[in-house]
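K.L.:
When I checked Swiss-Prot for this same protein, it listed these features:
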BINDING   Arg103, Asn141, Trp320, Glu360, Gln361, Tyr362, His363  substrate binding site
BINDING   Cys107, Cys151, Cys153, Cys156  Zn(2+) binding site
ACT_SITE  Glu142  active site, proton donor
ACT_SITE  Glu312  active site, nucleophile
COMPBIAS  648-658  compositional bias 'Acidic residues'
REGION    648-674  region 'Disordered'
Amino acid sequence: MRLGVCYFPEHWPSEEWERDVAAMADAGLEYVRMAEFSWGVLEPERGTFDFEWLDEAIELIGDHGMQAVLCTPTATPPKWLVDERPSIRQEDPDGTVREHGSRRHYCFNSDAYREETARIVERVTERYADSPHVAGWQTDNEFGCHETVRCYCDDCADAFRTWLADRYGDIDRLNEAWGNAFWSQQYGSFDEIDPPGPTPAEHHPSRLLAYARFSSDSVVEYNRLHADLIREADPDWFVTHNFMGRFPTLNAYDVSEDLDRVAWDSYPTGFVQDRYDGEASPDQLRAGDPDQVGMDHDIYRSALDRPFWVMEQQPGDVNWPPHCPQPGEGAMRLWAHHAAAHGADAVLYFRWRRCLEGQEQYHAGLRKADGSPDRGYADAAHTSEEFATLDGASHVDAPVAVVFDYDSLWALNAQPHAPDFDYWALQEAFYGAVRGRGVQVDVVPPSADLSGYAAVVAPALHLVTEDLADRLTDYIAGGGEVLFGPRTGVKDAENKLRPMSQPGPLTDLVGATVDQHESLPRRLETTVRRVGDPTDDSEEIAAPPVSFRTWAEWLDPDAAEPQYAYDVDGPADGRPAVVTNTVGDGQVTYCGVWPESDLADALASDLLDRAGVRYAERLPDGVRIGYRGGRTWVTNFTSDRLRLPEIDPESLAVDDTDRDGFDPMADDDKDSSADGIVVGPYGVAVIEGDCVDGLRIAQT
């Protein structure tokens, strides 16, 4: 496990580089990413190249025992190129052109831009093919950032028609597959089909799904262009890309097929503000949500089933969310350890030094604008010392898979049927319940081989093919345990309802059908009660009902046994909401509601019990554990102190006792005879051995 940083030598006088790079080495950093936005500096005018500054920076990094990770500089085409070839610019659905003046203003389907991309990538990779100090390359930067996966220009229109022709073969097949008889939307040829622009009413959902798939595929092709050229220059380099958090428009699994390792950019306190389901708590505003960040860690680790990188780790306050609270003391260390617990090989902080100009002046670095240490520098230096005491990176062995399906995400985004129905948030509800029991999770696409998992959670497989239904049936019949969420098996691969009861091809497997569904505003009572539990009018103590939200399905069991029934003042009262069916040697549970935390935890623990997966007592909110490489990580995303009474202090590989300002015996914890260990606010403990199912955590 290694640390690094993102550096922009082109922003600073060259006489300051030595001081900067020496301070990086002093902090124990090992990788330095550079040049992702440097095209205008590398080629200030067509055909005139200036590599001397980058040559010097790379050499300096190597002289200090570090390695450079270079980037193809295509995220920021220079002004002279935009003026020469204006057709490279993206267009919005209404025809508005995205002008020069920020970044990511190019179209992935522009033949002109692909030509220019090949030219600059060939030139920079050839330049450094023999450098011993360049470890690998990042392709471009954050594909799709600023809502740029989907473009609607003439080049995209032509490419979309070609993509459709390749997929469907003839126009009659497309019309039938989409169901274009609705509202007279039939096409006479592929040439008649345009990208979905402004319309009086909503677009055809099958057309929207097709455009989402096409747009993602366009990025896959563009990334492959970079990867092929990088490997042609030097096959020993690794190729990666820095994806983004909770990012819905790009299929990361498809892009990753052309990468050697997957990376992503993690900004926890920003994510809980601009892409979070609900209002962030004070602790989350200081440290983020471990499950929101953790699910992205697990998506990107699982994409290639190998250790991943965090290419940009938040170093302090950031400039782009609505507010920029300072992270909690030690949070920058916490985030690096949290990534390591989820399988990260390397964590690079963004950025080295707060910049003096441009759009990111209010984005912190590890160093302040004057070059002096900022808050994150001490955290980074401390973490590098701790990482050096831990063995090299190892594989994360996850007994549970969560199935994440971009096609279903796009289909549900087209027809959410409730203003707060968010596919990603629904995934996190189920994912968080498993992680809340300390169990490691792979987040995999529907095409993944599930045979190695003890249990599978599929929160919203909205689009289900016959092949997928058969594979799931075989998995369960062979002894697998599956938990489905609501809106599963509803549509075919083209985003059309089937002429059969839901959950469609999964009906026999589930052993029940969906009679009715409803989307519910928050003000309606939304609770269910476990079947067989005492009720309020019985002589026994009544078990409290548990809550759900947003979505409800009334289930009609056939072979399945009801597990939970609605406990509401309404027409669903008493109807089954959750059922379980036995198929061969395994079982499947279908949950017809969006579960709140107590119900999600109950479903997860039931699943883990049936699958024989060891798990912890339910963890406090904001506290997570993870097992990797013979060690257990405890990460505390809260301002509370944690006591772990069963843990022998001698078993600690990393703890909080060396943190500046932390006293493990402070305040109400001064009893030196107390058993166990203490983890401080926003703190970390790494324990030798696997203690997941024997761990008890108390907040103090």
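Placement of Cβ uses the backbone N, Cα and C atoms for every residue, glycine included.
What you see is a predicted model, and the numbers here were worked out from it, not measured in a lab.
Can you walk me through where each of these features ends up in the structure?
P.N.:
All chains included, 13 other C-beta atoms sit within 10 angstroms of the C-beta of Trp320 (substrate binding site).
Using a 10 Å Cβ-Cβ cutoff, Cys151 (Zn(2+) binding site) registers 24 neighbours.
Residues near Glu142 (active site, proton donor) in space but far in sequence (CB under 8 A, at least 6 apart, same chain), listed by position: Ala75, Arg104, Asn242, Phe243, Met244, Asp265. Annotation note: Glu142 (active site, proton donor) sits in a coil segment as assigned by DSSP.
In the three-state DSSP classification, Glu312 (active site, nucleophile) falls within a strand. Glu312 (active site, nucleophile) is surrounded by 23 other CB atoms, counting those within 10 A of its CB over all protein chains shown.
Mapped onto DSSP helix, strand and coil, the compositional bias 'Acidic residues' (648-658) counts 3 helix, 3 strand, 5 coil.
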K.L.:
Between Glu312 (active site, nucleophile) and Glu360 (substrate binding site), what is the CA-CA distance rounded to a whole number of Å?
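P.N.:
Cα-Cα, rounded: 14 Å.
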K.L.:
Could you find out if DSSP has Cys156 (Zn(2+) binding site) as helix, strand or coil?
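P.N.:
DSSP call for Cys156 (Zn(2+) binding site): helix.
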K.L.:
Taking the recorded Zn(2+) site as Cys107, Cys151, Cys153, Cys156, identify the other residues of that chain whose CB atom sits within 8 Å of the mean position of the site's CB atoms, giving them in sequence order.
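P.N.:
Leaving out the recorded residues gives Gln90, Glu91, Phe108, Asn109, Ser110, Tyr152, Asp154, Asp155, Ala157, Pro195.
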K.L.:
Can you grab the distance from Cys156 (Zn(2+) binding site) over to Arg103 (substrate binding site)? Cα atoms, rounded to a whole Å.
P.N.:
19
K.L.:
Among the binding-site residues Arg103, His363, which residue has the fewest other Cβ atoms within 10 Å of its own Cβ?
P.N.:
Arg103
K.L.:
Just give me the nearest neighbour of Cys107 (Zn(2+) binding site) among the binding-site residues Asn141, Trp320, Glu360, Gln361, Tyr362, Cα to Cα.
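P.N.:
Of all the candidates listed, Asn141 is nearest in space.
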K.L.:
Other Cβ atoms within 10 Å is the metric here; tell me which of the binding-site residues Cys153, Cys156 scores highest.
P.N.:
Cys156
K.L.:
CB neighbours of Cys107 (Zn(2+) binding site) within 10 A?
P.N.:
25
